[in-house]
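Below is one structure, written out as structure tokens, with a few remarks after it.
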Amino acid sequence: MTPVVSIIMGSTSDLPVMEKAAKLLDEMEIPFEMHALSAHRTPAEVEAFAKGAKGRGIKVIIAAAGMAAHLCGVIASMTTVPVIGVPINSTLDGMDALLAIVQMPPGIPVATVGINGALNAGILAVQMLAVGDEQLEGKLAAYKENLKKKIVKANEELAKVSFKYKTN
Ligand SMILES: Nc1c(C(=O)O)ncn1[C@@H]1O[C@H](COP(=O)(O)O)[C@@H](O)[C@H]1O
């Protein structure tokens, strides 16, 4: 199937983090592609990707990078497709990447998730695709309902053991 989401990472060393986004998209049956591209190391390829994405039917780009994470903003500068940025924790506890991705100049936003927030990037991408798509919206609602059930169950387990900590 033709991909509608691109997961781009600055290096394959980012893959262990980005797999969480890939798994989520897979679970939601969203066709996606993954590429390693670098604004620093392969600038011409980044330009070709960013300029060609919309024409190939890509609706959302998830871009991940660590360190001086210019990749996300550079992609955003060359396309009208929304870009979700994922700061990767490789140095300085990921703060370098977070600030590089989130602090975009006015006019060129990158929707930045938390450090190593690949799962949230995947969910946000699906939420963007679900605008006006009731079936996909239903899948997201079911996903959230499942999260709720897990907490309710965990809370019940907690109630069973909490008597241990009662002091009177
Ligand atoms: N931030 C960027 C860019 C870029 O912004 O173009 N290209 C690679 N990188 C990041 O460099 C880190 C180290 O990369 P290597 O592990 O390949 O040395 C990775 O987290 C990558 O995302």
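Counting begins at 1 with the first residue displayed.
Glycine is no exception: its Cβ is also placed from the backbone N, Cα and C atoms.
Database features (TrEMBL):
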DOMAIN    3-151  domain 'PurE'
BINDING   SER11, ASP14, ARG41  substrate binding site
TRANSMEM  60-88  transmembrane segment
TRANSMEM  108-131  transmembrane segment
8 Å Cβ shell about SER11, ASP14, ARG41 centroid, substrate site members excluded: MET9, GLY10, THR12, SER13, ALA36, SER38, ALA65, GLY66
Of SER11, ASP14, ARG41 (the binding-site residues), the residue whose Cβ has the fewest other Cβ atoms within 10 Å: ARG41
